[in-house]
Amino acid sequence: MIKNEKRSRLALTAGNESEQDGGSSEVPQLKRRYRVSGYPNALFDPERSLNCLAKMIILHDYPLHIVEQPAFVAFVESLNPRFKVLDVGSMEGEILAIYQREKENLVQTFANIPGRISLAIGLWTTSQTLGYISLAGQFIDSDWKLHRRMLNFMMVSSPHSENALSEAISLSLSDWNMKDRLFTITLDNDCSSHDIYSANLRDHLSNKHTLMLRGQLFVVRCYAHILNVVAQDVIASIHGTVYNIRESIKFVKASPSREEKFAEISLQLEIPSTKTLSLDMTTQWNTTYTMLEAALEYKQAFTVLETCDDNYNEAPSAEDWRKVEVVCAYLKLLYDSANVIAGTAEPTSNVFYHEAWKIQHELVNAITSEDPMISNVAKDMHEKFDKYWKDCNLVLAIAVVMDPRFKLKLVEFSFSKIYGEDSSRYLKAVSDGIHELYQEYAAQPLPLTPAYVEQAEEANHAGAVATNPPSNETEKSKKNATAAPVGNAGDRLLDFDMYLSEIAVTQPARPEIEQYLEEALVPRHPEFEILNWWKVNSVRYPTLSKMARDVLGIPMFMAAGPGGGSASSVFCVGTGNRVLDEYRSSLRPELVEALFCAKDWLQYQPIVDAPATSPAIVKTEM
């Protein structure tokens with residue numbers, strides 16, 4: 001009955017539409033007309049539809065065999081019976097074609113970037129004996145915008161080998177025509193082997209590529225990785241208590257009656273907390289922190305619950321709660337720092353110094369605490385974070401010096417807090433590094449500034465005219481010009497500009513780095529944008545701005561790129577141990593690379609273009 005009524009309504013609707021179009025009102029009951037939403041005159045384009053389907057598979061990580069699944073084929077045919085879905089082999093070809101087209105476009109983009117490029121390198125393993133290396137390039141373009149793009153996803157026999165990684169980097173740079181433009185590489189490998197690993201990498205690559213500052217800045221460690229390692233270690237130090245709290249929350253959440261009873265106890269104890277008890281995800285250490293933080297506020301309620309419910313015996317002791325309190329205080333340092341990075345829209349390298357030095361300072365002070373519980377927790381955390389600080393404080397400091405709101409002043413201030421009387425020695429190492437790096441950039445030829453480009457074009461035009469014999473009209477123009485009065489003020493000052501250029505050659509100016517460091521700090525306004533500042537001031541500092549562009553473009557954080565870091569990736573346990581799933585491991589290596597890279601590239605473009613249209617309305621009848 002309901003189905004018949006529905007068909008009647010469909011027939012009536014179709015009949016009304018037919019009458020409006022001047023046609024017959026006698027239309028079969030199931031006859032309907034569809035228009036493409038937003039494009040009433042759209043033409044059916046099978047190639048465009050195929051391209052959209054391939055992009056959908058790439059962007060959403062769908063398996064390629066979806067195109068052969070009966071339900072999917074039926075769905076597509078219901079939309080348009082004329083569109084024939086390809087088989088898996090043909091879809092592979094479409095995906096590889098998209099990858100190749102996008103790669104060619106990106107090659108042109110890289111050819112036009114004015115500075116160097118830094119690489120963020122991820123190591124992947126599979127259930128097989130093989131592994132993969134992912135290489136993403138980060139750079140700042142001529143308009144002073146930060147970009148990160150996936151370059152390669154290469155299969156290697158030993159992804160954790162320095163030789164394999166060195167070879168992969170060289171192949172990638174050669175593939176993208178950037179052999180002489182490498183600045184730094186960022187890794188998220190385990191800190192215990194970082195020194196040897198970095199030294200071997202530096203040795204391998206210095207034979208093939210020119211490294212700035214003798215390679216001192218070359219290998220950078222991922223900031224998110226060190227936060228994760230330290231957080232996991234401190235949580236592991238109280239693993240027994242964490243287990244008890246997890247079981248306690250499970251007990252309370254097991255039934256509504258237990259939740260009500262726990263709420264009554266909390267109300268009687270006048271616990272003011274508004275936090276909600278929730279279980280953590282073992283793969284996200286921030287959820288463990290928030291679980292402990294919430295449980296800590298209900299510690300009295302758990303103790304009372306144990307006395308009045310014989311089925312519950314997991315309440316932590318007073319000593320255990322004290323440990324949780326100390327651990328949460330220091331986890332909060334890491335948690336807040338990670339959230340700052342994840343929430344940064346454009347994570348240029350200068351941002352990370354502020355976070356790193358505050359953690360280093362807090363841990364250094366906590367080590368000397370008279371409370372043994374605090375000092376023990378701090379020592380465990382400091383052991384690994386101090387290793388990161390020693391490895392990366394030079395590159396972190398140089399990056400923050402490129403921020404005109406802080407320059408060397410913040411480094412001087414923070415070093416005095418961390419190193420005390422020895423701070424001058426560490427500050428000198430940073431100052432020497434900045435000046436030496438600047439000298440390397442000063443030794444490189446400068447591109448012409450806009451003013452001189454215009455003059456050069458005029459000079460070239462004048463030279464071209466001079467090579468051609470003047471016509472009679474030209475001779476007349478010259479005579480008129482001789483008799484005419486002197487030209488405008490800009491023409492009269494051309495000689496003056498040449499005079500200034502001669503002075504600049506004969507009288508060496510003070511280095512830009514000195515001028516920059518001696519000028520007053522820029523006010524710290526919330527709306528300040530560091531890349532825009534350097535864009536505006538690149539004419540004043542043509543050499544230093546080249547150095548700033550490369551330094552600020554260093555990826556200090558593997559998961560970060562324009563648009564900020566992903567919160568889940570910032571807190572992900574085991575960031576340095578990525579595992580390729582079984583399905584992708586089974587695909588051909590060139591197809592795996594195409595899927596990974598094309599997914600990254602396509603996210604910066606509109607998913608679909610406007611379809612082709614025709615003056616006539618297209619009708620699809622069923």
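Including glycine, each Cβ sits where the backbone N, Cα and C put it.
Listed features, source TrEMBL:
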type: COMPBIAS; residues: 15-27; note: compositional bias 'Polar residues'
type: DOMAIN; residues: 344-441; note: domain 'hAT-like transposase RNase-H fold'
type: DOMAIN; residues: 512-602; note: domain 'HAT C-terminal dimerisation'
type: REGION; residues: 1-27; note: region 'Disordered'
type: REGION; residues: 460-486; note: region 'Disordered'
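When pLDDT is averaged over the domain 'HAT C-terminal dimerisation' (512-602), the result is 86. Within the domain 'HAT C-terminal dimerisation' (512-602), the DSSP-based counts of helix, strand and coil residues read 48 helix, 3 strand, 40 coil. Taken through DSSP, the domain 'hAT-like transposase RNase-H fold' (344-441) splits into 82 helix, 0 strand, 16 coil.
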